[in-house]
Amino acid sequence: MAIILGIDPGSRVTGYGVIRQQGRHLSYLGSGCIRTKVDDLPNRLQRIYAGILEIITQFQPDAFAIEQVFMAKNADSALKLGQARGVAILAAVNQSIPVFEYAARQVKQTVVGTGAAEKSQVQHMVRSVLKLSANPQSDAADALAIAITHCHFNQNLLRVGDPRLILARGRLR
């Protein structure tokens, strides 16, 4: 059993999602958004850090999964996103939680089946996979999708160690 905290970083809205993995079974524990209303960046970053620490304290995750930086058209936005990611990762590392990073296209491919999926498709699939009664908020759905992706890859890593697998010519058979 493992508890995974997924983070969709942002300098104004940071989504989070927490799920429990028991073998192949995933269960929803919580999700939401850390909203920063303060205009100056240092205080926004402090709010993100404090918010993530609060979530870590509440759920005690075993793993921290976060979206990788993508190249934005606006350099200023990309820098702010990188800083938000940095404080989020710092919160996890300071609590000795292992950090895993996943590209946005990889998350969409894993959860929806296509790396070009729309946000509404991600929300729908997260709702379906976790058996939720309603679609989660967009940023929270993205964070839950990141956590689901981590579970998928973590499960595959566990299977690679399975002695029943035969490795031949560079392929799993």
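Residue numbers in this text run from 1 along the chain shown.
The backbone N, Cα and C atoms fix where each Cβ goes, and this holds for glycine too.
What Swiss-Prot annotates here:
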| type | residues | note |
| --- | --- | --- |
| BINDING | Asp8, Asp139 | Mg(2+) 1 binding site |
| ACT_SITE | Asp8 | active site |
| BINDING | Glu67 | Mg(2+) 2 binding site |
| ACT_SITE | Glu67 | active site |
| ACT_SITE | Asp139 | active site |
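Features recorded in Swiss-Prot, as mapped to the structure shown.
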| residue | record | Cβ neighbours (10 Å) |
| --- | --- | --- |
| Asp8 | Mg(2+) 1 binding site | 25 |
| Glu67 | Mg(2+) 2 binding site | 25 |
| Asp139 | Mg(2+) 1 binding site | 24 |
At the level of the C-alpha atoms, what whole-angstrom distance separates Asp139 (Mg(2+) 1 binding site) and Glu67 (Mg(2+) 2 binding site)?
12
In whole Å, how far does the CA atom of the residue listed as 'Mg(2+) 2 binding site' lie from that of Asp8 (Mg(2+) 1 binding site)?
6
For Glu67 (Mg(2+) 2 binding site), just give me the three-state DSSP call.
strand
Secondary structure at Asp8 (Mg(2+) 1 binding site), reduced by DSSP to three states:
strand
